[in-house]
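Quick one: this structure, given as structure tokens, is what I'll be asking you about.
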């Protein structure tokens, strides 16, 4: 029995929600280990649609323990709203099925304001954030001035801690000609929301240690994608946390040996939302067709996603930096009906072939994709549940992807329905 970490291998939106839901049915514990409520995913269970941004996917399944780890940044008001929303659909969220790490950092209104101000500025690089305060909250964590979940349990020291936080933020606000903030209203707002959060607080490292000792299956649920990792992604057009599988250990309080299989969720083509380099982006009718067929709109923001052909160079790099054991290839059915399908096999920069995405922003902007063209297929792959149901050209495409990215396809998804999945390798099995 192996514990499993699920991460995206592209720029997010790879279809992690369906795969995590498929795996969570067999897991005992589901853990979010990074990010915040900027990572939306949609689940459809028994005809009911759930749109989650913060809570782990396991929360909608009875008998599962869900955990928000210390690597998560938690907006307590967004948390309460999401709990209420799924409660209205019959899902009970209690301290028995959800634990929040006591050392997780809180997102405050001041973080959201700073995020919005930066994105709205006329100068500088626009990152394309969700403006939900994720980045500024991580900044305060690194600066050792953040308010953490456990601080809600001690109102007597909350004022001093908020004042320390505001000493930094008010300096920023003065520089941007914004009104300075007083600690009082923030402290009162935190005291008011605290009862919605504190019942769930626990030393989750200890909870996970007990789960391991009992031999329970643990599923670590990543958000965003490897190419949005603050270190390994297309910096500065990245998120503010580490999204690679290595963060599953540090972001939840377990050792790296607790993770047995890393499943990289990989879309059969490529999409990106927001700003940043995108070597295989298609702005023609082919890109539009991919977007329409794949319903490529963000769960959190509703923004239209940019679309392009599969980038094997980028995914291969993500597999190596992300420690990915095998991939789940999703949305293969979106490619149905194309006469030909292109795959990026290498890059060219200033006339030289390159086998990886360079770290520098200027070099990334110069990348030209080199394509291999494959025969498409007319027969539908939608709903296929075995290799025998796939057109020969589709099988050839999958095998070619495996060869290029140097990793096996462990699962193949052929529709948004959870049962339309072809299993080659069970990630939970040693």
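Using N, Cα and C of the backbone, Cβ positions are placed for all residues, glycine too.
Look at Swiss-Prot and you will find 12-18, 40-42, 305, 331-333, 413-415 tagged as GTP binding site, backed by sequence analysis. Per Swiss-Prot, IMP binding site is recorded for 13, 14, 15, 16, 38, 39, 40, 41, 130, 144, 224, 239, 303, and the stated evidence type is sequence analysis. Among the features that Swiss-Prot reports, Mg(2+) binding site is placed at 13, 40, with the record citing sequence analysis. According to Swiss-Prot, the active site, proton acceptor annotation covers 13. Swiss-Prot lists 41 with the feature active site, proton donor, giving sequence analysis as the kind of evidence. Annotated substrate binding site per Swiss-Prot: 299, 300, 301, 302, 303, 304, 305, in sequence order.
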List nothing but the largest Cα to Cα distance in Å, as a whole number, among the residues 13, 14, 15, 16, 38, 39, 40, 41, 130, 144, 224, 239, 303 that the record says bind IMP.
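Spelled out: the longest distance between any two Cα atoms in 13, 14, 15, 16, 38, 39, 40, 41, 130, 144, 224, 239, 303 is 35 Å.
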For the binding-site residues 38, 130, which one has its C-beta crowded by the most other C-beta atoms within 10 angstroms?
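Checking each of 38, 130, the winner is 38.
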Write down the Cα-Cα distance for residue 12 (GTP binding site) and residue 224 (IMP binding site), rounded and given in Å.
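Roughly 4 Å, rounded to the nearest whole number.
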Just the number: how many Å between the Cα atoms of residue 15 (GTP binding site) and residue 302 (substrate binding site)?
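Given the Cα positions, residue 15 (GTP binding site) is 16 Å from residue 302 (substrate binding site).
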Given the binding-site residues 13, 38, 40, 304, which one's Cα is the least distant from that of residue 414 (GTP binding site)?
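Nearest by Cα distance to residue 414 (GTP binding site): 13.
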Hey, how far is residue 305 (substrate binding site) from residue 12 (GTP binding site), Cα to Cα, in Å?
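So the alpha carbons of residue 305 (substrate binding site) and residue 12 (GTP binding site) sit roughly 11 Å from each other.
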Taking only the Cα atoms, work out how far residue 130 (IMP binding site) lies from residue 302 (substrate binding site), in Å, as a whole number.
10
Of the binding-site residues 13, 303, 304, which sits closest to residue 42 (GTP binding site) by Cα distance?
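Its closest listed neighbour, by Cα, is 13.
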Specify the secondary structure state of residue 304 (substrate binding site) as given by DSSP, simplified to three classes.
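DSSP assigns residue 304 (substrate binding site) to strand.
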Taking the binding-site residues one at a time (18, 303, 305), which has its Cβ surrounded by the most other Cβ atoms within 10 Å?
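Result for the most crowded candidate: 18.
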Could you tally the C-beta atoms, other than its own, that fall within 10 angstroms of the C-beta of residue 41 (active site, proton donor)?
22
Within 10 Å of the Cβ of residue 304 (substrate binding site), how many other Cβ atoms can you find? Include all protein chains, please.
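Cβ-Cβ neighbours of residue 304 (substrate binding site) within 10 Å number 13.
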